Amino acid sequence: MKIATFSVLLLLLFIFPVALAQLKFKFYSESCPNAETIVENLVRQQFARDPSITAALTRMHFHDCFVQGCDASLLIDPTTSQLSEKNAGPNFSVRGFELIDEIKTALEAQCPSTVSCSDIVTLATRDAVFLGGGPSYVVPTGRRDGFVSNPEDANEILPPPFISVEGMLSFFGNKGMNVFDSVALLGAHTVGIASCGNFVDRVTNFQGTGLPDPSMDPTLAGRLRNTCAVPGGFAALDQSMPVTPVSFDNLFFGQIRERKGILLIDQLIASDPATSGVVLQYASNNELFKRQFAIAMVKMGAVDVLTGSAGEIRTNCRAFN
């Protein structure tokens, strides 16, 4: 994978104090020198079969990192006696676990008990973003896997789609993200879809009024009402690509400026004074958006990580050792 020079320079400049304090680039260069190549090749194969893997892995990485840190706690399967983060409401539709399993199996065959599941998620997400048209960027590695996975943590911590802009900025800010990072991470919705349960109130009964949300384009609201009349309906979060939302670009920001945001928080960032200027910058400059997204992803990947002797290296990403 070709790494763009601007990405390397900016990442070193902006996230060195955050990420490199505990993690390091090329962590597996001696212990498992082919690790990143193995991950990339398997992600490429999956992307060729299903380009929506970009959105799936980005969401998985987000949901893992913001609950107890990037420790692969989201990958743990529940047992008959113990639930896991997979049982949390926000995680019901998280997918991509089979690809992580496939990568882990390949790495265990070549480098047993060496590459953590949390690093696999981070690397696989990076590769999927690039394949989907997003930025290429380097990520430090050396994460270790956690020992705890509870649905209560995810239910309590992960933000709902109707969070306020103030709440969203506070959520990200508590993890070291600024407004540019926060809005850039929401830009991942350029490759996402949402089930009707996350937005149906905006098109049918906004805040109990019996009417659609006035901040939503009325033509879009009508189309979404039809979509949600069918059980199991969903919609592309980027309405510039309503059929195949798999192209990673800044068109999402232009859409929300035209009142075509699907999730409430997406629409709010386009109008709130705290974020609207950033939205305009990203809508006007695709390279700026991609550059900041790369920075934000590396910051996110360093949230509350376990390193050194903390945690473990799972041999099966779905179960503690």
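Each residue, glycine too, has its Cβ placed from N, Cα and C.
Under the heading active site, proton acceptor, Swiss-Prot lists HIS63. Residues or ranges marked as Ca(2+) 1 binding site by Swiss-Prot: ASP64, VAL67, GLY69, ASP71, SER73. According to Swiss-Prot, the feature substrate binding site maps to PRO159, an assignment based on sequence analysis. The heme b binding site annotation in Swiss-Prot covers HIS189 and rests on sequence analysis. The Ca(2+) 2 binding site annotation in Swiss-Prot covers THR190, ASP238, THR244, ASP249. For CYS32-CYS111, CYS65-CYS70, CYS117-CYS317, CYS196-CYS228, the entry in Swiss-Prot reads disulfide bond. What Swiss-Prot records for 1-21 is signal peptide, and it gives sequence analysis as the kind of evidence. Residues annotated as site 'Transition state stabilizer' in Swiss-Prot, with sequence analysis given as evidence: ARG59.
The two recorded residues VAL67 (Ca(2+) 1 binding site) and ASP249 (Ca(2+) 2 binding site) have their Cα atoms spaced 27 Å from each other. Taking Cβ-Cβ distances under 8 Å and a sequence separation of 6 or more, the neighbours of CYS228 (disulfide bond) in its chain are CYS196, VAL200, VAL203, THR204. The 10 Å shell around the Cβ of HIS189 (heme b binding site) contains 25 further Cβ atoms across the protein chains shown. Neighbour counts of Cβ atoms within 10 Å were compared across the disulfide-bonded residues CYS65, CYS70, CYS111, CYS196; the minimum falls on CYS111.
There are 16 other Cβ atoms within 10 Å of the Cβ belonging to CYS32 (disulfide bond). Within 8 A of the CB centroid of the Ca(2+) 1 site residues ASP64, VAL67, GLY69, ASP71, SER73, the other residues of that chain are CYS65, PHE66, GLN68, CYS70, ALA72, LEU74, GLU85, SER118, GLY146, SER149, ASP304.
Taking the C-alpha positions, the distance from THR190 (Ca(2+) 2 binding site) to CYS65 (disulfide bond) comes to 20 Å.
For THR190 (Ca(2+) 2 binding site), the Cβ neighbour count at a 10 Å cut-off comes to 28, with all displayed protein chains included. The shortest Cα-Cα distance between GLY69 (Ca(2+) 1 binding site) and any of the recorded positions CYS32, CYS111, HIS189, CYS317 is the one to CYS317.
Here the candidates are the recorded positions HIS63, ASP64, PRO159. The one whose C-alpha lies nearest to that of CYS117 (disulfide bond) is ASP64.
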